[in-house]
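Below is one structure, written out as structure tokens; comments come after it.
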Amino acid sequence: MADLGDDANMSLEERHAFMTERLQQRNDIRKSEIQRKKEDKEAPKREKCEHFHESLNREIEEIERELALSSSRTKEELIDHFDGITVRLQKSQKFLSESTLFLPSYDISRANDSLTKLQNILQEKRSEFLPKKKFAFKSRKGTDDGKDKKSKKVESGDMDLSTVDLADCKIINEVNKKLSMQPEEINQKDVALAELKSCVVKLYGAPSAIHINKLEDCQIFCGPVSGSIFIRECANCVFVLSCQQLRIHTTKFTNFYIHVTSKAIIEDTSEVKFAPYNWSYPLIEEHYKLSGLEKKRNNWSDVDDFNWLAADEHSPNWSILGLKERILMWDV
Amino acid sequence: MGLLTILKKMKQKEKEVRLLMLGLDNAGKTTILKKFNGEDIDTISPTLGFNIKTLEHRGFKLNVWDVGGQRSLRSYWRNYFESTDGLIWVVDSADRMRIQDCKQELHSLLLEERLAGSTLLVFANKQDLPGSLSSEDIKKMLDLDNIKSHHWRILPCSAVTGEHLLEGIDWTIDDIASRIFTMD
């Protein structure tokens, strides 16, 4: 009753203060309870960690000691000796994997490292003192060798396939020659030129496409090509070409006199120069009509370098052939 | 209702198909895409980067990705693999010198996990050229018969004349549809 009386006598402010204090007290008790529980939980965890490190290190030390003793064992003892160590190592590994639940990941990886190290040392010692029987080694090596040979054979077989049967319209493997092809041979056909050295080739016609591969010190002339011309691995050449698309790959020190209605591109190519197409022969107008190439549209000076994507700076791999360097008249 | 069913339903609602068109440079990928879409093919430059076209065909929305085939661009192909329904591999049938390159690139592509299960259409393009290999030859040279991981088909075609383009796309859509969409 006194309490009640007190209560009743208290002002509103006093009651408010009383209530806040009580709430505060309860909160403090709750917090300390949580803290205590937390510590309870962590304590065994810490203990477990310490226990783990102690026992693992002890085990590792013992294994190391055993390994060091290997040299003093006789041959008969060695097998059992190494088997014993292997079992111990496996047990440690198992112990580690069982302990991963409570271990921090740094400790796990460190323990793992030291166990792997031991495993390697064991392997070394074992092969040092107990070399594997020779035939096992040999047979393995033998099969590997066989495989290698086989795969090489397959590869070389593939190579033959790709180079041998080129299309009908082709000039391949010539040195020091002046060659030409006439309209009736090449008009609206696809032409292949490959592996030529110091040759002059004139194609008087309008092929649909040309593939050019591995040319050196050559001069190549061609009438209007309705499709694309594809050039690979050429050096020190002069190309005088007219086409819809021109792709130049892995080519060096070469000059191009071109008529391209789309855009020429270069890739893995350097030291190449470009000038406008300036070859002519009696039937060329007719062949332009046949090819459908627009004679007025020529983007010869607009070249995309696939190895140079910076737009604000000119590619160092190609340039425009200076007026004075250009050859103005070709033999027909 | 399983997750797969939900995915199927979502796809079916949109009827959207993603096609990825790859192949060596100069195979005619962009020309096929433009021809199929009825655009001018005389002014196409080699693709530096990629083209995307969204086409409506037979009530399907086709998102076609045409990625440049130059050697320097091939390492970027994998950026386009994600959620591909159909792969269109384009071959320059007249490029006999690089048919081995072509085979290697194709087979390494098929090992790609993100393309697993996608439909594979091989276009033996440039059949308008007299010296081109037949689709039967290309099938052998690319060792297509050994592909067990994908539904595949090879078709001879010409992007210039338009021959068999439609047939190829139709087959691809049918194959994808039978996989993803419950047919109406």
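The backbone N, Cα and C atoms fix where each Cβ goes, glycine too.
Remember, TrEMBL labels are computer predictions, not curated facts.
Just so it is clear, the model here is predicted, and its values are computed rather than measured.
B:GLY69 (GTP binding site): 24 other CB atoms within 10 A of its CB, across all protein chains. The GTP binding site annotation in TrEMBL covers B:GLY23, B:LEU24, B:ASP25, B:ASN26, B:ALA27, B:GLY28, B:LYS29, B:THR30, B:GLY69, B:ASN125, B:LYS126, B:GLN127, B:ASP128.
Counting only same-chain residues at least 6 apart in sequence, those with a Cβ under 8 Å from the Cβ of B:THR47 (Mg(2+) binding site) are B:LYS29, B:THR30, B:ASP66, B:VAL67, B:GLY68, B:GLY69, B:GLN70, B:LEU73. Feature annotation from TrEMBL assigns Mg(2+) binding site to B:THR30, B:THR47.
Proximity of B:LYS126 (GTP binding site) to non-local residues of its own chain (separation of 6 or more, Cβ distance below 8 Å) is seen for B:GLY28, B:ASP92, B:SER93, B:ALA94, B:SER132, B:SER158, B:ALA159, B:VAL160, given in sequence order.
For the binding-site residues B:ASP25, B:ALA27, B:LYS29, B:THR30, the ranking by surrounding Cβ atoms (within 10 Å, all protein chains) places B:LYS29 first.
Between the binding-site residues B:GLY23, B:ASP128, the minimum number of other C-beta atoms within 10 Å of a residue's C-beta occurs at B:ASP128. In three-state terms derived from DSSP, B:ASP25 (GTP binding site) belongs to neither a helical nor a strand segment and is classed as coil.
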